[in-house]
Structure formats: structure tokens, C-alpha cells
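Here is what TrEMBL records for this protein:
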| type | residues | note |
| --- | --- | --- |
| DOMAIN | 17-388 | domain 'Cation/H+ exchanger transmembrane' |
| TRANSMEM | 54-78 | transmembrane segment |
| TRANSMEM | 90-110 | transmembrane segment |
| TRANSMEM | 116-137 | transmembrane segment |
| TRANSMEM | 162-180 | transmembrane segment |
| TRANSMEM | 186-208 | transmembrane segment |
| TRANSMEM | 220-236 | transmembrane segment |
| TRANSMEM | 242-258 | transmembrane segment |
| TRANSMEM | 270-291 | transmembrane segment |
| TRANSMEM | 303-323 | transmembrane segment |
| TRANSMEM | 335-358 | transmembrane segment |
| TRANSMEM | 364-383 | transmembrane segment |
């Protein structure tokens, strides 16, 4: 397939997914499922079209996820951070760790994966997905009591870095055939990734904001272009220096979203469109990557892990994370436990061991895909009725 034809095909699939967005919203179907469905429908084994490039899919997925996290930060007011950082911070750090450990223990019982593979699989699906949470809450126009929606959004926007660190570390250990790294080296690497990510993200965005506010560009269309350039410098600069790219993305987004004095609205419109494009591309490419016939072979294997995650690991992790917050109501904790929405992020994370050539990674990717589908269908449908039953709607 020529480059020009590939562009036409991808553009046509994106356009088709967008046209199906309205009817899917009316029926209560998450738009993210529509995009991945379009990719699957025209994917490998269908219409004599074959796309099979794990490295390229992983790269596109990582870039799209980076943009989505940045836009999540851009749309997060300081006010929401002040409200949600304690509870959301616990969920996005210890919550991810607790979910991974609990689910890994359950996977040892219900699957035949080795212990390290169980922990890797659990880490891959441990974080909630920012794009899915933002999309579902926005489409249903839900406002929840006790700042529950704010906590969910903060958690989903900030828990990817912890999960990504675990996935990359565990992948390296498994590929190295179980050779455990030095504990000090792991701690140093963790601190470096967080510290450099924070430092570069804050530094580049602070300079960018100061420059924009001082220069006062008359052409408003240039403002989002400048922010895009700063975003790329901050995130990929952090990665070059050994920092965590998602930490830098979120921090840079928060800085630009809150400190910009001119062109804030036009920039937010621009980047919201960019976020939708990133989501559409990511899901369509992921759909194209899978062979539908071989994908179905692992569908049944994903059911028990999905139930273990939604009914045991996520609820236990949430209640453990909320132990320091005794004033939080059980209704709030129960709702947050039940709404651990998954999206493209776990699939992108699952591609990391697959691209590294880890044995059994392809089956893991297929199972993660079905866990995401089950989560999107069940949890997105249950979100609004559950909020009403628990009397959390405003």
C-alpha cells in the first residue's frame, strides 16, 4: 500500500467513526468502541487488507496517549486539583499498586501465567483511562456530589505514569529472563523519571506561559501552535533526559491551562479537537492491528480476569486507598470502585511487552483488548443508574 493510499484509508475510517458518533451516543454506546469497531471491521483478514506492525502501532498509541494526557491537564483547573489531589493522588499511586498486587494474586489462581507475567498483566490493566472517563462523563452530562466526578477525573488523568513505570520495569525483567534489577537502581530510576518529568514539564511550560503573556500575540491562531511546540519540547525533552513523558505532559497541560492570560479558549478548542483526533487514530490503528479471527480465540480467557478486576481487585484497592479518608462516604467509595473505566491505555501498555518480543505477549494483548471492551460496555452503561441509586447525582 502506498503512503497516499494509506492516508486516504485512515482518513476515511476516521470520518466514518465521526459520522457514527451521534447515533452511538444516542444509543448509549461509547464512541471509543465505535472507532475501534471501525478499525476491526476493515482490519486484518478483511477486504484483503493486512496491517501488522506492532512497533508502529505502539509508537502511534504512545504519541496519542501523550496528547490525551496533556489535554486532560489543560482542562484541569487548579481549583479541581486543590479539591481532589489527596484522594485522587492516593488512587493514582497506591490505588494502582494495590490493584496490581490484588489482581496478580487472583490471576495466579485463574490463569496459567507465571507469577511475573501475572503481575505484568495486572499492571497493564491497573489504571483507569483518562480519555474514557472524560468522554463518558461529558457525554452523560453527569455532575456528582462530594466532588466524586472531580476525583475520578483527577485519578484517571494522573495514574498512567505509575502504571507505565511498572509495565516497563516488569517487561525488562521478564525479557531478561527473570534477572532482578538492583533495588537502589530501581528507586533511583523511579525518582529520576518523576523528578525529571516534573522539572522539565514545569520549566518549559513556565517559560512558554511567561513568553506568551509578555509578547501578547495579536494573531490568536498562533497561540495554540506555540503551545503545541512547547508541549512537544516539554514531553519529548523530558523523555530524552530520562524523565517520565506522561508526568511532563500532564504538568505542562495544567500550567498552560491555568496560567495563560490570552487565547485560552481558542487553545482549549484546538487541543480538544487534537485530543479527539488522537483518540480516533489510536483506536482505529489498534483495531487495524488485530486479526479478528485470532482475537476471538482469547475472548473466553479474558472473562474471568475482567470479572476479577471489576468485582474484586478494583473495589478492594479503592477501599484500601481510602483508609486515610474516614470522612468519605461508603456510597462515594462504592461508586468509584465500580467505575474504573478502561480505554485504549491498557492496550497501548500491552503493546510494550509485545513489541519487546516477550513470549506469550500476543495472548496478553488479546485478553487486555476484551477486558477493555467489557469495561467500556458494562461500566459505562452502569455509571448513570448506579449514581442515581447511590444518590450521588446533583
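Numbers here mean position along the shown chain, with the first residue as 1.
Backbone N, Cα and C atoms are what each Cβ position is placed from, and that goes for glycine too.
Remember, TrEMBL labels are computer predictions, not curated facts.
Within the same chain, the transmembrane segment (303-323) stays apart from the transmembrane segment (270-291): fewer than three Cβ pairs sit under 8 Å, each pair at least 6 residues apart. Counting residues 6+ beyond its ends, the transmembrane segment (90-110) has Cβ neighbours under 8 Å at 118-119, 121-123, 125-127, 151, 154-155, 158-159, 162-163, 166, 304-305, 308-309, 312-314, 316-318, 320-322, 324-325, 336, 340 in the same chain. Within its own chain, the transmembrane segment (335-358) is flanked in space by residues 32, 36, 54-55, 57-58, 61-62, 64-65, 91, 99, 120, 123-125, 127-133, 136, 144, 148, 151-152, 155-156, 160, 163-164, 167-168, 171, 174-175, 279, 282-283, 286, 309-310, 314-315, 318-319, 364-365, 368-369, 371-372, 375-376, 379-380, 382-383, 386-387, 390, 392, which lie at least six positions past its ends and keep a Cβ under 8 Å from the stretch.
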